[in-house]
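> The structure that follows is given in the form of structure tokens.
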Amino acid sequence: MEELKAYRPKTSPELDPSTLSNYTCFTVKLTTLHFDIDFEKKIVSGKVKYDLLNKSETDHVDLDTSYLDITKVSIQNESCDNQYKLHSRKEPLGSKLHILIPASTPKNFQLEIEFSTTSKCTALQFLDKEATDGKNHPYLFCQCQAIHARSLFPSFDTPGIKSPYKFSAKSPLKTLLSGLLIKEDNENNTVYFEQPVPIPSYLVSIALGDIARTSIGPRSDVMTEPVNLAKCKWEFERDMENFIQVAEKLIFEYEWQKFDSLVLPASFPYGGMEIPNLCQLTPTLICGDRSLVNVVAHELAHSWSGNLVTNCSWEHFWLNEGWTVYLERRILEALAVIEAKQQGKGDKEAHYYGEQVRQFNAIIGWTDLENDLKSMGDNVDKYSILVQDLKGKKNPDDPDDAFSTVPYEKGFNLLYLIEKIVGKEKFDLFIPAYFREFRFKSLDTFQFIDYLFDFFKEDAVKLDQIEWKKWLYEPGMPPIDPKFDTTLAQACYDLAKKCYQYALSEDDENEFTQFKLVANEINDFSPSQNIVFLDTLIAYEKVAGFSWKQHKKTLNRMATLYHDQYTETLNAEIKFRWFYLQATGEVLDFEVAMGEFLGTIGRMKFVRPGYALLNKVNRELAVRYFQRFENRYHPICKAMVRKDLQLD
């Protein structure tokens, strides 16, 4: 661990460079937040009240804001309108709201601020009713991670501080907030929610529109537009309670009472967002075969890793996401064991199969990481480091710019390596101990490492052999090959190799007859195996000088053979990879198909690399499609794609 001394912060948890607030000076005992929604003006106004303990006896409060109008400030119910200043904007962090605390103010005091959002709010997306599936009512949802809560309300906008919340909102439409419903006042169109578990600002959320609800388990509901409710119920109800029970056995009891999910409109920019009691999900998961429910397992795992135990800043994001991917794969492994036993396999064989499933999912993640690093271009040395440096040279860096699969997959692989070193049984004792130790807290990487070495004193020498500096502070892929079990992937690799070999001899008609027989092997593939098959085909690009655009005949024949399975699939993970393969070969029909597909979704996992590929093979088409669809995207997604296409 000597090699890490130079990186250890002076104090832990490390200070967050992505906030303008003086959050370390206070304990937030309670946050009371009210929203008033105006669909005509497309703004949210409201008031936030902080019950604060001034633990450092400072004479001011600094809060984060971004494109907010501040209309009133008071302390202990006394106006402070002459004692605050909204500083000029400092990109990318916004505008500091500086409030002087009167000398007579007690150590425990209340601060109340009235505010309204503006048209530049980056957290909110207002949708006209025509942009919804039901076409009956407008819709509003928000996405605050990483630093967008400050554009919704004045806040200590950092994961480094948490608070319980009391929420209320006034709107004529069905309204949901990140907590438990306490009361509905239908006469005044006002709802009241509470979140008793302390949460950081990025987990604050609001959604409203034409929303219906149905049960999918004893402690779980799913909510979405009425026209989609039956499909969502079918997709999730088989697995939901099983997911929770397996996670509880792995970690400890679920803290949040209910795990409810909201399937949002297509413009939602992520696969899921782990809002407590209001897990937000992309509609791309609704594919009719339950093959993408792993995203729900991921968001559920966040109930412990991220929501209960939180990274202290976005520099240490891997503590949220690496842990969550690890737990997600353990949950899916355990369910695979149960399924294998139900199919008559013995205990040993079932557990072996479960481990194969986990490692197969890890293979998919490894490929995603490789592809992500390739797409980073000149930024790979900066953004492929596990512990990010967001402090910047002149101004802090935007955490959104650093968002990638690195904290997810590089983080997972570090935890997987630790598990292999100490042994799975011993690591399983560490999991609940770690989450109990840091429950309700925010921590940095060094606190994790210190606790790890303290817990595994007997294995300290072995853990010290990990190349910690390479893992945490050097760019690129993980420094060791994890050598995952390829049993479930081998058939995918073999078929991809046959397709590649066929492409090399595609003018031979006899070869095509044989290829048609071989191609049908995908009929026996699971959805995940189809993903690995397509990933492997894409990966042949530029290997030993090979280029798919020189083998369009093969791509065209594959398009004929695989039309039903791939072009018409409802599985967005498969469809995106299929279009990506064909567009890599510069098949114009599929470049157009990719562009049209990007107009039906808002999930950045597909939108950003999709436009990046189109920009590479046909920039005119990429720009034309983006300009056609950009107003459909959430502000976060729109801003990132504009950067990717260098349109600003």
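Backbone N, Cα and C atoms are what each Cβ position is placed from, and that goes for glycine too.
Relevant sequence annotations retrieved from Swiss-Prot are reproduced here:
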- Q143, C144, Q145, P269, Y270, G271, G272, M273, E274: peptide binding site (BINDING)
- H298, H302, E321: Zn(2+) binding site (BINDING)
- E299: active site, proton acceptor (ACT_SITE)
- Y408: active site, proton donor (ACT_SITE)
> Tell me whether G272 (peptide binding site) sits in a helix, a strand or coil according to DSSP.
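Where G272 (peptide binding site) sits, the three-state DSSP reduction gives strand.
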> Quick check: of the binding-site residues listed here (Q143, Q145, Y270), which one has the Cα closest to that of H298 (Zn(2+) binding site)?
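Minimum Cα distance from H298 (Zn(2+) binding site) across Q143, Q145, Y270 lands on Y270.
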> Enumerate same-chain residues with a sequence separation of six or more from Y270 (peptide binding site) and a Cβ-Cβ distance below 8 A; give 'none' if the list is empty.
Q143, Q280, T282, R603, M604, K605
> Using the alpha carbons only, what distance in Å do you get between E274 (peptide binding site) and E321 (Zn(2+) binding site) once rounded?
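Just about 11 Å between their Cα atoms.
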> Taking the Cβ of E274 (peptide binding site) as centre, how many other Cβ atoms lie within 10 Å?
23
> Just checking: which of Q145, G272, Y408 have a Cα that is within 10 Å of the Cα of the residue listed as 'active site, proton acceptor', counting only these recorded positions?
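Cα filter at 10 Å returns G272.
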> Near Y408 (active site, proton donor), meaning Cα within 10 Å, which of Q145, G272, H302, E321 (binding-site residues)?
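Checking Cα-Cα distances against Y408 (active site, proton donor), the binding-site residues within 10 Å turn out to be E321.
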> Would you mind listing, in sequence order, the residues at least six apart from H302 (Zn(2+) binding site) in the same chain with a Cβ closer than 8 Å to its Cβ?
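The answer is E274, N320, T324.
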> What is the total of other Cβ atoms whose distance to the Cβ of E321 (Zn(2+) binding site) is within 10 Å?
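Step by step: centre on the Cβ of E321 (Zn(2+) binding site), count other Cβ atoms within 10 Å, giving 24.
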> Cα of E321 (Zn(2+) binding site) to Cα of Q145 (peptide binding site): how many Å, rounded?
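That separation, Cα to Cα, works out to 13 Å.
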> If the Zn(2+) site is taken as the center of the Cβ atoms of H298, H302, E321, which further residues of that chain fall within 8 Å of it by their Cβ?
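Leaving out the recorded residues gives G272, E274, E299, A301, S305, G306, N320, W323, T324, V325, L327, E328, Y408.
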